[in-house]
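Here's the structure, in structure tokens; my notes come after.
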């Protein structure tokens, strides 16, 4: 180990898209000879990649910056909260530099200034797939930046700009390198996966001798040829999403859709500037399940949005009862500085938000428990995430890492992370499954 090599620490907060930004920064720095330090003490400089979407996220970011300052003292701040440099420097005036999201060159330049690189031309420093912060067997694949929507509760377009898609060939090249490096599952992410390629007018780029359109359907079809799991996140419910379902039924991509519906009351959806045809959405969900019976549907919702009445909330509960989504997250509405929703009338009291959140989660818990119980006695493919002396923990095709449920295989210690195995489901609760290897004597 070259003792003269500079070491960089990183703290990555927020969503998987921010994690990919952190990976890109580290890949660039590693290529220049920097080592990645797992501790504050060992690092010559620390990068804090912040989240600035909610006030609670900003508070967490400021706390993380403060910890890095206390433990190391040489801190570069980037990410979504980096757009509010005044707030950061007011709380932590000693930070070395502050940059906004996706400003990789400025982050790298700040690192160069704080800890000039020591080059070693004889070392192959970076693996072909780049530096990743996830386990070896799965990786996030970011296909675009920014968003063209004007949802009133959100400031992502202000933080990350308008939609900017990557050419299909570049996405597929990265995906292929990840697969060759041993990644067994790709999680496709963006702010709006369905809108991929709109800014490029769905232009074609060459891939293995054939043109591939920068469009979600064609991209998914090409990713499906890699022979690994491909999971779609942040899918806005455009009509052409229906084209993806046959690919799931054919086994090209995982039968999993993460669609942020946000609410079911037409009045609230209109106030949010979201699609408001939830009756048609129920019909689409029924069609999807007819074409691909194994499809798992995940979504997120907001309760307590300004103007939400008890009747609006009941419409949401009734819709949930009909939709029977498999995996659901729910957030109590929180005002975001700069969001248009802040100007809306009829704010919902905090105690009402809390009460509705508990009612929502209780209702969804019953749905989840019922749907998971239907899997008992069936054999399901699972990917293994962890193995210890007690057994293995994995996930089904219907479960994404970190946000969905787990599958526990007690006593199965011979497996390894990344293994994909058939599992006989023996027990289920509201969120998780238990089972054993199928066909085992």
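Heads up, the Cβ atoms here are built off N, Cα and C, so glycines get one too.
A quick note: this is a predicted structure, and the numbers were derived from the prediction, not measured.
If you check Swiss-Prot, you get these features:
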type: DOMAIN; residues: 6-116; note: domain 'MTTase N-terminal'
type: BINDING; residues: 15, 51, 80; note: [4Fe-4S] cluster 1 binding site
type: DOMAIN; residues: 133-370; note: domain 'Radical SAM core'
type: BINDING; residues: 147, 151, 154; note: [4Fe-4S] cluster 2 binding site
type: DOMAIN; residues: 373-439; note: domain 'TRAM'
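Feature map: annotations from Swiss-Prot on the structure.
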residue	record	contacts (Cβ under 8 Å, 6+ apart)
15	[4Fe-4S] cluster 1 binding site	51
80	[4Fe-4S] cluster 1 binding site	14, 18, 50, 51, 52, 53, 100, 101, 159, 160
147	[4Fe-4S] cluster 2 binding site	154, 156, 157, 160, 162, 163, 191, 192, 195
151	[4Fe-4S] cluster 2 binding site	262, 272, 273, 274
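Looking only at the domain 'MTTase N-terminal' (6-116), the predicted model's pLDDT averages out at 89.
Taking the centre of the Cβ atoms of 15, 51, 80 as the [4Fe-4S] cluster 1 site, the nearby residues of that chain (Cβ within 8 Å, site residues left out) are 13, 14, 17, 18, 50, 52, 53, 57, 79, 81, 101, 159.
With helix defined as DSSP H, G or I and strand as E or B, the domain 'MTTase N-terminal' (6-116) counts 55 helix, 21 strand, 35 coil. In terms of DSSP secondary structure, the domain 'TRAM' (373-439) contains 1 helix, 34 strand, 32 coil. According to DSSP, residue 151 ([4Fe-4S] cluster 2 binding site) is assigned to coil rather than to any helix or strand. The [4Fe-4S] cluster 2 site is set by 147, 151, 154; from the centre of their CB atoms, other residues of the chain with a CB within 8 Å are 149, 150, 153, 155, 156, 157, 191.
Here the Cβ of residue 51 ([4Fe-4S] cluster 1 binding site) has 21 other Cβ atoms within 10 Å, regardless of which shown protein chain they belong to. Every protein chain considered, the tally of other Cβ atoms within 10 Å of the Cβ of residue 154 ([4Fe-4S] cluster 2 binding site) stands at 22.
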